[in-house]
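The block underneath contains the structure these notes are about, expressed in structure tokens.
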């Protein structure tokens, strides 16, 4: 089945281009941003605006509550269903997002890994709370150095999952190597936005300031009230810093600076991930929706 993928780093303009392509190709947009699946976290995840949603139908937004799990396998299954529905109605599926795990799972399938073990997860999370996240990361490094090199010490969710997988008898790296992601599940036109680094950083910095001015603090306040002040570990970038500012632990400028840095680092990881994907066409700005639509139609 054919589809269009609009990928690229955060703040590069994916949503605007996806909407423009949808209008020209008769398409509908399937979200592939892991942060936009959470209900109620709109400003801090830069979800499509009401105007953008009115301009083109969107799928796979607002799927789960904050703190709930959403992994690549579940995303791929939901995306498969949405894509099939769109195509069955004679429309063009346009996948938009920069979450590498989600994109890879959709295009090439998922690794068959052991299921979740709630008891082990609780024990590992308690260990991290007692000894610190770097200590748990060091434990992963002893078991699977390659996985530890890919995962940041503070990314508790991924460190715990990697150790959970390793407890099943094979390390994450062994499973990934065996899978190799060779299968192409879709005939996809892969477009990746590639703005110059200075331009991208300026866009990120401006977006983060707009988030703080436009409702991120209010969303963080509502989360803190809902969870009794202790925010869930699995939250998009920016909410922990916004909550820290509300508690008086960070002044506003420092909170903004930290979120800007975190988004820049995330953008870098997104680009590195996409560089590994085969068949990607990198698009430099200014983006020309008309020319790109013609390019897609000629495939």
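Counting starts with 1 at the first residue shown.
Even glycines carry a Cβ here, placed using N, Cα and C.
Since this is a predicted model, take the numbers as computed values, not measurements.
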Practice task
From the ranges 25-28, 29-32, 33-36, 37-40, pick the one that Swiss-Prot records as region 'Interaction with substrate tRNA'.
Solution key: 33-36
Exercise for the section: For residue 15 (ATP binding site), write down the residues of its own chain that are at least 6 apart in sequence and whose Cβ falls under 8 Å from its Cβ; none is a fine answer. Expected result: 46, 48, 52, 96
